[in-house]
Amino acid sequence: MKRINIVLSGIMLFLTLLLSFGMSWGNKNFTSSQNVSSVQLAPSLAPMLEKVMPSVISINIEGSTVVHTSRLPHQFQPFFGHNSPFCQGNSPFRNSPFCRSNPNSNSMHEKFHALGSGVIINADKAYAVTNNHVVENANKIQVQLSDGRRYEASIIGKDSRSDIALIQLKNAKNLSAIKIADSDTLRVGDYTVAIGNPYGLGETVTSGIISALGRSGLNIEHYENFIQTDAAINRGNSGGALVNLKGELIGINTAILAPDGGNIGIGFAIPGNMVKNLTEQMVKFGQVKRGELGIIGMELNSDLAHVMKINAQKGAFVSQVLPNSSAFHAGIKAGDIIVSLNKKTISSFAALRAEVGSLPVSTKMELGIFRNGITKNVIVELKPSLKNSVSLGDIYTGIEGADLSDCSLNGQKGVKIENIKLNTQASKIGFKKDDIIVEVNQKVINNLNDLKNILDSKPNILVFSVKRGNNSIYLVSE
């Protein structure tokens with residue numbers, strides 16, 4: 001019996017110690033969990049977003065565009081309309097209705113609805129910035145704020161070459177504007193937050209980092225100097241905000257690389273500094289009045305540097321300086337390498353073009369020039385464009401895709417097609433590079449102002465008389 005009592009006493013002592021240890025371990029573990037939770041508590045973007053979201057708007061577009069469709073089988077088309085051999089040269093049929101119109105195609109106005117995003121940048125004036133491709137061909141623009149308020153909006157200015165547009169909300173009060181950050185200070189790896197209206201869902205937020213800076217060569221816009229981010233950007237995000245963790249605007253979301261139509265983590269935004277420079281011109285002039293450096297150039301790569309025996313790896317190689325241009329008067333020469341602009345490194349010709357393309361006429365800037373192994377700085381004042389080139393879409397929203405300039409060649413005045421983009425309204429009408437518009441609706445065109453005055457009257461049909469080489473043809477837009 002005594003032996004049993006001893007055993008029982010030992011068991012009770014063991015259980016007491018075990019229970020005591022378990023309680024002690026449990027309390028210690030509970031305390032440790034509390035400490036870990038407090039340390040690992042993730043920061044939230046909510047406070048920043050609460051400040052930023054009221055400045056981001058959803059945009060609803062009602063518009064129309066001209067659609068050209070063929071009435072004849074492809075094999076018969078060469079025998080009809082202005083391209084027919086019966087309509088060329090001194091043919092007696094050249095000015096007939098048969099040749100003046102294009103019986104091969106039907107033209108019709110097709111209505112459409114589109115969605116996009118925008119960002120309020122001036123609360124007092126109710127100005128918001130978005131992409132040009134969001135509002136082009138718009139007949140009606142309606143915006144919705146984060147608090148549900150809706151307003152009509154009108155276009156203040158737009159620029160198809162950079163894909164930036166400035167709109168104004170009508171009769172809008174008590175708005176919240178975003179601050180535009182200095183995008184020149186951005187670094188690869190900085191955190192980004194994209195805000196917009198993808199697929200019409202309304203306010204949507206995604207996050208990521210800056211994957212690359214100064215992206216170009218994408219053939220999305222004429223002036224390309226994109227911020228690349230892996231923050232998810234989808235359809236409807238165009239024109240929306242790309243912000244930093246302070247809630248400052250660093251870019252306007254513009255495009256994605258999407259082989260299958262969806263986000264794969266490669267999105268592009270127009271830098272905030274370019275947005276600021278262009279919208280300031282739109283407020284002042286109603287359009288972008290670019291200065292021109294007056295050079296022709298190319299990217300500097302290792303092969304070119306080796307052949308030219310240039311001790312430089314990055315920059316904009318100057319292959320030609322146009323007479324009487326800004327570059328000419330600053331002493332820039334063919335063979336020079338432009339390596340900086342206002343002390344900011346220039347890594348490519350595309351980057352130089354984008355930087356200069358956002359600056360207005362009469363801007364003075366400092367260029368770093370590498371020549372004969374020595375870098376020196378020169379001051380350049382931007383002159384007006386020698387070609388006075390503008391986008392046809394900027395003066396007439398019904399036809400996009402052609403760059404125009406005043407022309408006077410061998411006594412023939414008119415408006416010259418400097419460039420043409422494939423699969424645009426201008427190319428479908430039939431315009432080609434180097435065409436010269438000499439008449440519209442039987443009214444003589446001597447310059448861009450003449451063309452703009454006729455297009456501003458918004459006629460139901462446009463019959464363009466065009467000089468193409470030694471031939472005269474007619475192109476029709478209905």
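For all residues, glycine too, the Cβ spot is worked out from N, Cα and C.
Taken straight from Swiss-Prot:
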type     : residues                                       : note
SIGNAL   : 1-26                                           : signal peptide
DISULFID : C87-C99                                        : disulfide bond
REGION   : 116-254                                        : region 'Serine protease'
ACT_SITE : H133                                           : active site, charge relay system
ACT_SITE : D163                                           : active site, charge relay system
BINDING  : G236, N237, S238, L293, G294, I295, I296, G297 : substrate binding site
ACT_SITE : S238                                           : active site, charge relay system
DOMAIN   : 281-372                                        : domain 'PDZ 1'
DOMAIN   : 387-469                                        : domain 'PDZ 2'
Do you know offhand how many angstrom separate G236 (substrate binding site) and H133 (active site, charge relay system) by C-alpha?
11
Proximal residue to D163 (active site, charge relay system) among recorded positions H133, N237, S238, I296, G297 (C-alpha distance):
H133
Tertiary neighbours of S238 (substrate binding site) (same chain, Cβ under 8 Å, six or more apart):
G116, S117, T130, N131, H133, V134, G196, N253, T254, A255
Of L293, I295, I296, the binding-site residues given in the record, which has the fewest other CB atoms within 10 A of its CB?
I296
Consider each pair of residues in G236, N237, S238, L293, G294, I295, I296, G297, all listed by the record as binding substrate, and report the largest Cα separation in Å as a whole number.
37
In sequence order, what residues of the same chain, 6+ apart, have a Cβ less than 8 Å from the Cβ of G297 (substrate binding site)?
A316, F317, V318, S319, Q320, I338, F349, L352
For the region 'Serine protease' (116-254), what's the model's average pLDDT?
89
If one looks at the chain holding N237 (substrate binding site), which residues at least 6 apart in sequence have a CB under 8 angstroms from its CB?
S117, A194, G196, N197, P198, T204, N253, G267
Can you tell me whether DSSP puts G236 (substrate binding site) in helix, strand or coil?
coil
Can you count the other CB atoms that lie within 10 A of the CB of G236 (substrate binding site)?
23
With a 10 Å radius around each C-beta, find which of these recorded positions (D163, G294) has the fewest other C-beta atoms nearby.
G294
List the helix, strand and coil residue totals of the domain 'PDZ 2' (387-469) as derived from DSSP.
18 helix, 33 strand, 32 coil
With DSSP as the yardstick, break the domain 'PDZ 1' (281-372) down into helix, strand and coil residue counts.
25 helix, 30 strand, 37 coil
